[in-house]
Amino acid sequence: MPTGDFDSKPSWADQVEEEGEDDKCVTSELLKGIPLPTGDTSPEPELLPGDPLPPPKEVINGNIKTVTEYKIEEDGKKFKIVRTFRIETRKASKAVARRKNWKKFGNSEFDPPGPNVATTTVSDDVSMTFITSKEDLNCQEEEDPMNKLKGQKIVSCRICKGDHWTTRCPYKDTLGPMQKELAEQLGLSTGEKEKLPGELEPVQAAQSKTGKYVPPSLRDGASRRGESMQPNRRADDNATIRVTNLSEDTRETDLQELFRPFGSISRIYLAKDKTTGQSKGFAFISFHRREDAARAIAGVSGFGYDHLILNVEWAKPSTN
């Protein structure tokens, strides 16, 4: 077998090692004259095997911050780390700015400014958005029963025609006597009650002007026949309403002023305590017409009176 001299082909490991040595030489030669990204043109110190590591260097140029550090690997090789940061200015509220100036304590007493991973966990920011539903508010306003009574004038003062009771009128001591004097001059009577339709005439005195005794058979109305009260009572039951949640200070006159604007009233019954004479909290109002009673229920039910909300409903017919 013939033998001859020939060049052996180098292995792949030898090629990589030779290329690495060439790269190190070229890199060390080029870094000597290349300026830093921050504009620093000072030459880089040479990293010799026996020399100590240079101290870290920090350079700030505008909003760019460059930090240069040197470290040694386990095999004794030295290398340089260059980190570049962009400085951002963020606006914070006064409360956040004051908290950042607080002095740290405990395990973080000697930590630099900013959060420490060992003691602080920084989570994602959660943005809260407060939404007010105007539609729900509009629905609540529409369902409010008090809004239905805003355009209605339920109570009218007899003295100043205001929206309050006559007994609580601020002008009753001044305008009241003046109206009485004017009514007397015009020939009007303010003391007599207004006669309602269907109301009977008051019974005259038993004695005549001469002072003689008049027997009952000869008095006014003796020739008239008595009328049955059953039909009238049934009509009253059909147009009677029941008012509850009244205050203890309520009187018949207050109920008369409250329900008179809705129609003619035939009778009012206010339940009272026998010993104290105060109201028990409910009353019955009878109208001459059922339509007036229906308007009174729609207008007064839910109305605020003497710091209480009145409840008005149809009265149950009597079984007697």
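In case you wondered, yes, glycine gets a Cβ from its N, Cα and C as well.
For 1-60 (among others), the entry in Swiss-Prot reads region 'Disordered'.
The phosphoserine feature in Swiss-Prot is assigned to Ser8 (among others); the stated evidence is similarity to another entry.
If you look up Swiss-Prot, you'll see Ser11 (among others) marked as phosphoserine, on the strength of similarity to another entry.
Residues or ranges marked as phosphothreonine by Swiss-Prot: Thr38 (among others).
Look at Swiss-Prot and you will find Thr41 (among others) tagged as phosphothreonine, backed by a large-scale study or a structure entry.
Positions annotated as phosphoserine by Swiss-Prot, on the basis of a large-scale study or a structure entry: Ser42 (among others).
Annotation comment: Swiss-Prot describes Ser189 (among others) as phosphoserine.
For 204-233 (among others), the entry in Swiss-Prot reads region 'Disordered'.
Residues or ranges marked as compositional bias 'Basic and acidic residues' in Swiss-Prot: 221-233.
For Ser223 (among others), the entry in Swiss-Prot reads phosphoserine.
Look at Swiss-Prot and you will find 239-317 tagged as domain 'RRM', backed by sequence analysis.
The Cβ of Ser264 (phosphoserine) has 14 other Cβ atoms within 10 Å, all protein chains considered. Swiss-Prot lists Ser264 (among others) with the feature phosphoserine.
Residues of the domain 'RRM' (239-317) grouped by DSSP class, helix first, strand second and coil last, total 22 helix, 30 strand, 27 coil.
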